């Protein structure tokens, strides 16, 4: 895969430039554009993934299906599709917006900061998974209600962005409706 960049943003969310992805994620990470996606199968089960131990930030942590960064000139929806193919080897339905104005800042135990405007999407898988071990070390198809209960009971076991997304009542409602609509 070619070198990825992040799109840097000012405080109003306006693009100001780009920076190589790994150089961008430090203890002083600048605000940048990302996306987060929750994938469901035909049974309405959520794909929960565990980040590979080789990941720079939050290695080994359980999280929602796929996250990443759109590239310059690429729509968020196209970026979701690209990363689903790269990380999971899977085809998906067109991503649907769930939480378009999600923004967060979090610091992982090693000091790496995520500082992102991160629209959240949901989609359905339409093919079998072919996991990229460089990205995902494990995965499980789960009932969304069970995952949400797990997040509420043990938020420390999940990525901070997944916990924050699940804490938004409107996003939670839309994800639940998406999961039930087979």
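Please read every residue number as a count from 1 along the shown chain.
Quick reminder: no glycine exception, Cβ is built from N, Cα and C everywhere.
Database features (Swiss-Prot):
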type     : residues             : note
BINDING  : 25, 32, 69, 114, 116 : Mn(2+) binding site
DOMAIN   : 30-164               : domain 'Nudix hydrolase'
ACT_SITE : 67                   : active site
BINDING  : 87                   : Mg(2+) binding site
ACT_SITE : 116                  : active site
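Distribution of Swiss-Prot features across the structure.
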residue: 25; record: Mn(2+) binding site; Cβ contacts under 8 Å, 6 or more apart: 56, 57, 112, 113, 114
residue: 32; record: Mn(2+) binding site; Cβ contacts under 8 Å, 6 or more apart: 6, 7, 8, 9, 19, 24, 69, 115, 116, 117
residue: 67; record: active site; Cβ contacts under 8 Å, 6 or more apart: 34, 35, 36, 37, 83, 118, 161
residue: 87; record: Mg(2+) binding site; Cβ contacts under 8 Å, 6 or more apart: 49, 66, 68, 131, 132, 135, 136
Here the binding-site residues are 114, 116; which one has the lowest number of other Cβ atoms no more than 10 Å from its Cβ? 114
Cβ within 8 Å of the Mn(2+) site's Cβ centroid: which residues qualify beyond 25, 32, 69, 114, 116? 6, 21, 24, 29, 33, 34, 115, 118
Residue 114 (Mn(2+) binding site) falls, by three-state DSSP, under strand
